[in-house]
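Peer 1: Right, I'll just put the structure down here and ask away after.
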There are 4 protein chains.
Amino acid sequence: MKKVNNIAVLTSGGDAPGMNAAVRAVVRTGIYHQLNVFGVMYGYRGMLKNEIFPLESKSVANIIQRGGTILKTARCKEFYEAEGRRKAYENLKKHNIDGIVVIGGDGSFNGAYKMSQEFDIPCIGIPGTIDKDIAGSDFTIGFDTAVNTAVEAIDKIRDTADAHDRLFIIEVMGRDAGYIALHSGISTGAEHIMTPEHLIDIKDIIEDLQTNERRRKLVNIIVVAEGSIAGGAEEVARQVKASCPQLDTRVCILGHIQRGGSPTCQDRILASRMGYAAVEALLEGTNNVMVGIVNNKIQYTPLEQAIKAKEHLDPEWLKIVKILAS
Amino acid sequence: MKKVNNIAVLTSGGDAPGMNAAVRAVVRTGIYHQLNVFGVMYGYRGMLKNEIFPLESKSVANIIQRGGTILKTARCKEFYEAEGRRKAYENLKKHNIDGIVVIGGDGSFNGAYKMSQEFDIPCIGIPGTIDKDIAGSDFTIGFDTAVNTAVEAIDKIRDTADAHDRLFIIEVMGRDAGYIALHSGISTGAEHIMTPEHLIDIKDIIEDLQTNERRRKLVNIIVVAEGSIAGGAEEVARQVKASCPQLDTRVCILGHIQRGGSPTCQDRILASRMGYAAVEALLEGTNNVMVGIVNNKIQYTPLEQAIKAKEHLDPEWLKIVKILAS
Amino acid sequence: MKKVNNIAVLTSGGDAPGMNAAVRAVVRTGIYHQLNVFGVMYGYRGMLKNEIFPLESKSVANIIQRGGTILKTARCKEFYEAEGRRKAYENLKKHNIDGIVVIGGDGSFNGAYKMSQEFDIPCIGIPGTIDKDIAGSDFTIGFDTAVNTAVEAIDKIRDTADAHDRLFIIEVMGRDAGYIALHSGISTGAEHIMTPEHLIDIKDIIEDLQTNERRRKLVNIIVVAEGSIAGGAEEVARQVKASCPQLDTRVCILGHIQRGGSPTCQDRILASRMGYAAVEALLEGTNNVMVGIVNNKIQYTPLEQAIKAKEHLDPEWLKIVKILAS
Amino acid sequence: MKKVNNIAVLTSGGDAPGMNAAVRAVVRTGIYHQLNVFGVMYGYRGMLKNEIFPLESKSVANIIQRGGTILKTARCKEFYEAEGRRKAYENLKKHNIDGIVVIGGDGSFNGAYKMSQEFDIPCIGIPGTIDKDIAGSDFTIGFDTAVNTAVEAIDKIRDTADAHDRLFIIEVMGRDAGYIALHSGISTGAEHIMTPEHLIDIKDIIEDLQTNERRRKLVNIIVVAEGSIAGGAEEVARQVKASCPQLDTRVCILGHIQRGGSPTCQDRILASRMGYAAVEALLEGTNNVMVGIVNNKIQYTPLEQAIKAKEHLDPEWLKIVKILAS
């Protein structure tokens, strides 16, 4: 097993609350093991541009509670090319970096995987994405914060929905996965939840709204994932209005507020554990894996398998939604 | 001076956080003075439909902290007609109601004013609207909560704007008045603020963005009132993208989250004072006025003058915005 | 298997955020299965006093987001006696109740267990306690909310600790278990965490504070569970001040704020799942068990085994705390 | 009028949320006017120890939303002596500083006043204290945030008070002034409010609790300022328990959470306006004054008059409290 001496940490892809807590854990665990730790700015783009700086313990003081990422993040097309990755690798070598921790989503892991294959540089992935859709981990950093932000927003909207007897169609994030919609919908008592996974047809929802109206239940919340099969909130509203013109229907798109904010306790702990475990893995020679949490235990998954999970949401959830909102 | 014995309270127009605190204050002050207090559901619509119920002290227990309104609210076209108001008056008489407190905006006061002219029934208005644009009061119930909700949301968006070096164009409420935009913009360090009052031209903003870009200041927040002269956030984004295609520009429309939520301390106190003062006014025979706060003192304004204030925002504010965001 | 027709739900022991969400789930799942559902006020005390009322679907509308419990709770000594339980049972029979769901902690389960042994009445327990210390469930309703409340409070205290270079000794709840202290301490970057489980000696902490002082690290947070081996925050402060008189040491006792507040997304979902599963269990004849969550799956534990868990906290946590706060 | 070229800003005394927003406004307004701006660390102590550093516009980026103070604060006995102030002045001269902005309370203004008398250095004060008790300003930076923090905490405690039918005696900050107690008490519907100003006798409160008990109103909240005439919450509880032993009485001391946290919109705007006005005052030669807000307009008060306000709280407030909580 080759000894690691100098490691780099970066955040990549969309930002997620808790990324700073993970950066802090990587830096301090590295320093505790007498490694030199470098921060790469703007993800892979900074690797290509050699925006690589040494980090000390105090560089990460007082950031565990901050949203965003002090290392910033960016998308980087050049890194998709072998030529780009070579340039990145050469910059790492200038700093004698012999281990990398990448905090990001499946696209970022794919990049790391390729680099680890092309060059002799071990990479560890940490799942940082609000979407909770990475195979190999029950949770991803940022999900718990994002759903709680969505829940607080929907609670507020329900106040005004109740005051006016309105139907609100609320769009939450989730292009490929319905977890944010499902969790925020259940916990705000939403009458319907629409996700990228085909769980319920919009025709059934419209029929139900018409039944509700006959029962004079006029307040309804529909939570729609942005990647819902039936389209986003605007499209769903268009169809609902066409079929239920007498309902007072409004649309809210929660948008980017779901990415920011101070991370919840769970996200901070998850990020701390994963950052710690990522460095431990590098030291033990367990390379080219993603650190995940499965049944509340750290588990490592080969980077090439740490892709978007294509699990089906358990349809029993929909039954629960229906029963509890009735 | 005619003695008042039975009063009714209603919430009307758009809901605003703190309306429940005002209802509570009206009910308990009325009961303290041995009045019978009735609640009218759904604003004037409930008056026409005779949805009028007696309220006790405990009917309003544990609501001071709740958003929305337990009395619900609605718009009511019929009440704009003399015939509708007659029907409403007759329903009030069935309950021997001889005084009304209306919590709402200028449209609601207009209705109250007309009824007070046509029939022998004193009306007191309480300004409940998040827009803070009523002549005769420095503050309106709900404004402080709405701006704080907007500020918390924009803080979150800034986290992600910073992480990605993005320009965010954020739309807040305010069809006719720029107060929410101004206050939330200043307190989140927004680079630009666009309001219904013509304070700055979009051309100047675009020019400034181009200068910033040359200075490599890539994170920018523009707060846009929905009724901004240049249009809402989508329209502003369209123009910005056309002129600054290299900026990574995103739009967020905060929407109805600004109407809900637990009221702030200031809104609860404002509502409590106004509810108390409204009943005191009825008892003292000071009728057909709106209760306002001017320089932190209760002040009464004739209902017919309690209209949307057409004040110009002080242009010094824009200078402060520019200096502080530089 | 005996068919269940009329069920009762109660909340017992200390209140916990999310209890209302569990009550809602029990009521609506029961009604969905065409059961009559009754609410018992004030826990077992209401059973003895026959404070038992029918609940409808709308009785639990708009409570999923509320802290506290609409059914109220109380401690009840009489129920510890066989005589008291007989009286309670007789009251249940007056309403033909043939199944009970008890939301509470281990003391409440013990009472339910005894009643289920003495009388022919199936009981299901749902773990509702902020302490997360019940054998048979990875989580208990209220824990996630309580730790997030503690984290937000400690974040605020750190602002002022940093401004003044102070040592804060902060007491969180947890008489028998250190989970709140451990989770809130890790996620606020506390330098030390003291729990009822003997993980670290106060002598080692004082030594470490003295080392920090020599290193001129003057800001420190120590999170102390109320049942810490070394005593509560006041006692810890007394010892610290005696040994480190030059430190500017302050004490904060977070207290009852940890029990209240709107439940987090996780607590609402946990409570919804458990409430649903409790009624399903009654219908399936799986009686006298507690509903738990183990590895994110519903699992049933015999009531007599659903006692305070005496697990040791994993000592690796302390290592992580030490490394990350360094 | 002497031209000012180099100014220094410091935060002094107890920290208050919004101090960072004020620092930011001073720095950016100064730079806009082409001044050199210096930050003094740890208040007057840093002046004596020459901990004085130049600040740029970006030094204060992204701090408007942060609690605490990036300049830190401390108490400094040496500065009370003429000798200490001389040393401080000499350090200022090393940096050619010819104007000072002090953000703090009356003690800090007193120091500034003395220095301005002894040496030729103009000083401007900005009232930064959560207590809102400075003559010459309707509001002080931090008050609005502190009361909202107290209100959120008391709302949470009421959840649990209601669940258990308990009496909670809650201590808020305010050694010499009752504003935090009064505002947080009114807006949480507290039954009684006890302040340093003698508004109500503890005997009357105990009598009222006994009456409530006969009426079977068992939930009560008493908000006590730490400097209440009758003593703090512990002492009040002792007397209440002695007279009402059957009540289930608990104590909560909110403590330092009231000093921290992200400032509210109002505190950020107040701080921004005051910081801006302080630099404008220096430039206009309006020296040795405190910047205040009176009736929502900037107003300057001579530093020697900017002392703790000894106003009596309007007794009508107590009448409102009594009526609204009944």
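Every residue, even glycine, has its Cβ placed from backbone N, Cα and C.
Below are the features I grabbed from TrEMBL:
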type	residues	note
DOMAIN	A:6-282	domain 'Phosphofructokinase'
BINDING	A:Gly14, A:Arg75, A:Cys76, A:Gly105, A:Asp106, A:Gly107, A:Ser108	ATP binding site
BINDING	A:Arg24, A:Ala25, A:Val26, A:Val27, A:Arg28, A:Arg158, A:Gly189, A:Ala190, A:Glu191, A:Arg215, A:Lys217, A:Leu218, A:Val219	ADP binding site
BINDING	A:Asp106	Mg(2+) binding site
BINDING	A:Thr129, A:Ile130, A:Asp131, A:Arg166, A:Met173, A:Gly174, A:Arg175, A:Glu226, A:Arg250, A:His256, A:Ile257, A:Gln258, A:Arg259	substrate binding site
ACT_SITE	A:Asp131	active site, proton acceptor
Peer 1: Rounded to the nearest angstrom, how far is the Cα of A:Thr129 (substrate binding site) from the Cα of A:Gly105 (ATP binding site)?
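Peer 2: About 6 Å separate the Cα atoms of these two residues.
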Peer 1: In DSSP terms, helix, strand or coil for A:Gly105 (ATP binding site)?
Peer 2: coil
Peer 1: Quick one: of A:Met173, A:Lys217, A:Arg250, A:Ile257, which binding-site residues have a CB closer than 8 A to some CB in chain B?
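Peer 2: Filtering A:Met173, A:Lys217, A:Arg250, A:Ile257 for a Cβ under 8 Å from chain B leaves A:Arg250, A:Ile257.
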Peer 1: What's the CA-CA gap between A:Gly107 (ATP binding site) and A:Arg175 (substrate binding site) in angstrom, rounded?
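Peer 2: With the alpha carbons as reference points, the distance is 14 Å.
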Peer 1: Using DSSP and three states only, what is A:Asp131 (substrate binding site)?
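Peer 2: DSSP call for A:Asp131 (substrate binding site): coil, neither helix nor strand.
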Peer 1: For chain C, give the subset of the binding-site residues A:Arg24, A:Arg28, A:Gly107, A:Gly189, A:Arg250 whose C-beta is less than 8 angstroms from one of that chain's C-beta atoms, in sequence order, otherwise 'none'.
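Peer 2: Sorted by position along the sequence, the hits are A:Arg24, A:Arg28, A:Gly189.
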Peer 1: Just checking, which of A:Arg24, A:Arg28, A:Arg175, A:Lys217 (binding-site residues) has the fewest C-beta atoms within 10 Å of its C-beta?
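Peer 2: Across A:Arg24, A:Arg28, A:Arg175, A:Lys217, these binding-site residues, the one with fewest Cβ atoms within 10 Å is A:Arg175.
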Peer 1: Out of A:Met173, A:Gly189, A:Glu191, which of these binding-site residues is nearest A:Cys76 (ATP binding site) by C-alpha distance?
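Peer 2: Its closest listed neighbour, by Cα, is A:Met173.
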Peer 1: Name the secondary structure element type, per DSSP in three states, that contains A:Ile257 (substrate binding site).
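Peer 2: The three-state answer is helix.
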Peer 1: Provide, as an integer number of angstrom, the distance between the C-alpha atoms of A:Arg28 (ADP binding site) and A:Met173 (substrate binding site).
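Peer 2: Taking the Cα atoms only, A:Arg28 (ADP binding site) lies 32 Å from A:Met173 (substrate binding site).
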Peer 1: Determine the minimum-neighbour residue: among A:Ser108, A:Thr129, listed as binding-site residues, which Cβ has the fewest other Cβ atoms within 10 angstroms?
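Peer 2: Relative to the other binding-site residues in A:Ser108, A:Thr129, A:Thr129 has the fewest Cβ atoms within 10 Å.
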Peer 1: If we check Cα distances from A:Asp131 (substrate binding site), which of the binding-site residues A:Gly14, A:Arg24, A:Val26, A:Ser108 wins as closest?
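Peer 2: Spatially nearest to A:Asp131 (substrate binding site) by Cα position is A:Gly14.
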Peer 1: Around the ATP site (A:Gly14, A:Arg75, A:Cys76, A:Gly105, A:Asp106, A:Gly107, A:Ser108), what further same-chain residues have their C-beta within 8 angstroms of the site's C-beta centre?
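Peer 2: So the extra residues in range turn out to be A:Ser12, A:Gly13, A:Gly43, A:Gly104, A:Gly111.
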Peer 1: With an 8 Å cut-off on Cβ-Cβ distance and a minimum sequence separation of at least 6, pull the same-chain contacts of A:Asp106 (ATP binding site), or say none.
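Peer 2: Expected: A:Ile134, A:Ala306, A:Ile307, A:Lys308.
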Peer 1: Counting only other Cβ atoms and using a 10 Å cut-off, which of the binding-site residues A:Val26, A:Cys76, A:Val219, A:Ile257 scores lowest?
Peer 2: A:Val219
Peer 1: Cα distance, A:Thr129 (substrate binding site) to A:Gly14 (ATP binding site), nearest Å?
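Peer 2: The Cα atom of A:Gly14 (ATP binding site) is 7 Å away from the Cα atom of A:Thr129 (substrate binding site).
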Peer 1: Counting every protein chain present, what is the number of Cβ atoms, excluding its own, within 10 Å of the Cβ of A:Gly107 (ATP binding site)?
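Peer 2: Other Cβ atoms within 10 Å of A:Gly107 (ATP binding site): 18.
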Peer 1: Just the number: how many Å between the Cα atoms of A:Val26 (ADP binding site) and A:Thr129 (substrate binding site)?
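Peer 2: A:Val26 (ADP binding site) to A:Thr129 (substrate binding site), Cα-Cα distance: 17 Å.
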Peer 1: Looking only at A:Thr129, A:Ile130, A:Asp131, A:Arg166, A:Met173, A:Gly174, A:Arg175, A:Glu226, A:Arg250, A:His256, A:Ile257, A:Gln258, A:Arg259, which the record lists for substrate, tell me the maximum pairwise CA distance in angstrom.
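Peer 2: Output for substrate binders A:Thr129, A:Ile130, A:Asp131, A:Arg166, A:Met173, A:Gly174, A:Arg175, A:Glu226, A:Arg250, A:His256, A:Ile257, A:Gln258, A:Arg259: max Cα distance 33 Å.
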Peer 1: Within 10 Å of the Cβ of A:Arg250 (substrate binding site), how many other Cβ atoms are there?
Peer 2: 18
